[in-house]
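Read the structure below first, then the notes.
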Amino acid sequence: MARRRVKKRTHVGARNGPTNAVSANTAASRIPKSMVIRIGAGEVGPSVSQLVKDVRHMMEPGTASRLKERRSNRLRDYTTMAGPLGVSHLLLFSRSTSGNTNLRLAITPRGPTLHFRIEKYSLCKDIQKSQKHPKAGGKEYLSPPLLVMNNFTTPQPPENSPPQPVPKHLESLTTSIFQSLFPPIYPQTTPLTSIRRVLLLDRDLPSSPSPTHPPHPSSQTDEPASYTLNLRHYAISTKRTGVSRSLRRLHAAETHLRHPRTKHALPNLHHLPDISDYLLDPSGGFTSGSDTDAASDAEVEVLAPAARKVLSKKQLERVRAADGARGGKLKAGKAEAERRAVRLVELGPRLKLRMIKVEEGVCGGKVLWHEYVRKSKGEVGELERVWEGRRRERDERRRVQRGNVERKRGEGGKRGGRGGMGRGR
């Protein structure tokens, strides 16, 4: 006979309580969460698979970094699980039969969806190979990046100008979609130490031809697309200014002296009679012009982190009594300001995205804008009637299904009542 199961965790839900669980779920649902998915799994190829891993790393910590896709998985599977998991955005990578790599950015559960064609991309490993001192990932990925968007909105055109290729409402829609990818940053409450990365989105504005100087036919191929975005991912590194390079090297060597791999960081001083010759060197410890700090580094003034000793109640009263006997007042320690040089180090990946179309719903709905297809007012009205008919059919199916469910529930209740009376006799 099988051993009876003993429940051991039945008290967890009662201890937490329903109120706390609801509040926790509400707070967690406000944070944007994303899923970066390969449609077709390994069919997209090794390069696109590595690009998906890099994008997942870039979207951390609010993404499923260890998601495993299967070839049998369909888009319906991911949209079904997006609600229970609290996923708000889907980034779908796919490869067409012609070899183009596409990206779809969808908001769950009701859309809209932005369709992009990836014209160019560079992986993180390619960018690191091109750098002399690449930056390894550390604590930068524990907090979401700072989103910087440039040229997303164009100035208002004159009244007599030709219609713009991208309407104004589409620009505002795209701006709001990308802003919702990451949680908002509040300058009053967000600590500066939590901002360690920057995600830059730069739009290539199409050059508007002048009526007096039309463009040359040979230059029309070089004109940027209607809506093209360049994506860059950087890490923010800061360095104290006003301190000589020699002193910084000694401080870094002292910090990493215990690690066997970084013992070589200690500078070689065997040719100097005294350490003061090294610290007071007029060249500042530089050996060549390439060792100097870049003049383009931006300097900002921040409050220096200072460690303060927390006094107990008795110690605080003793200090106050001593200050009162001397006729002084207890003054709180004032944080000192220091200047730091801010530098951006590219982490990757790089993406050049060209928007193809925008549609309602999650990857299936009415097309709001298309780069290549232009519809007349009559065709737009015909499409509106078609979609209105589809919406009515969908509502009718839902009404019939709801009625069938209620009817079956009623029949099940009647059968249960009859069976109960028969057993009672």
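Using N, Cα and C of the backbone, Cβ positions are placed for all residues, glycine too.
The compositional bias 'Basic residues' annotation in TrEMBL covers 1-12.
For 155-166 (among others), the entry in TrEMBL reads compositional bias 'Pro residues'. Only residues 6 or more beyond the boundaries of the compositional bias 'Pro residues' (155-166), in the same chain, are considered here, and those with a CB under 8 A from a CB of the stretch are 206, 208, 226-227, 369, 371.
Annotated compositional bias 'Pro residues' per TrEMBL: 208-217 (among others), in sequence order.
Per TrEMBL, the feature compositional bias 'Basic and acidic residues' maps to 389-414.
TrEMBL lists 34-364 with the feature domain 'Brix'.
Here TrEMBL flags 1-25 (among others) as region 'Disordered'.
Here TrEMBL flags 150-169 (among others) as region 'Disordered'.
The feature region 'Disordered' is assigned by TrEMBL to 204-226 (among others).
TrEMBL lists 389-425 (among others) with the feature region 'Disordered'.
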DSSP helix/strand/coil residue counts for the compositional bias 'Pro residues' (155-166):
0 helix, 0 strand, 12 coil
Tally the residues of the compositional bias 'Basic and acidic residues' (389-414) by DSSP class, grouping H, G and I as helix, E and B as strand, and everything else as coil.
26 helix, 0 strand, 0 coil
Looking only at the domain 'Brix' (34-364), what is the model's average confidence as pLDDT?
81
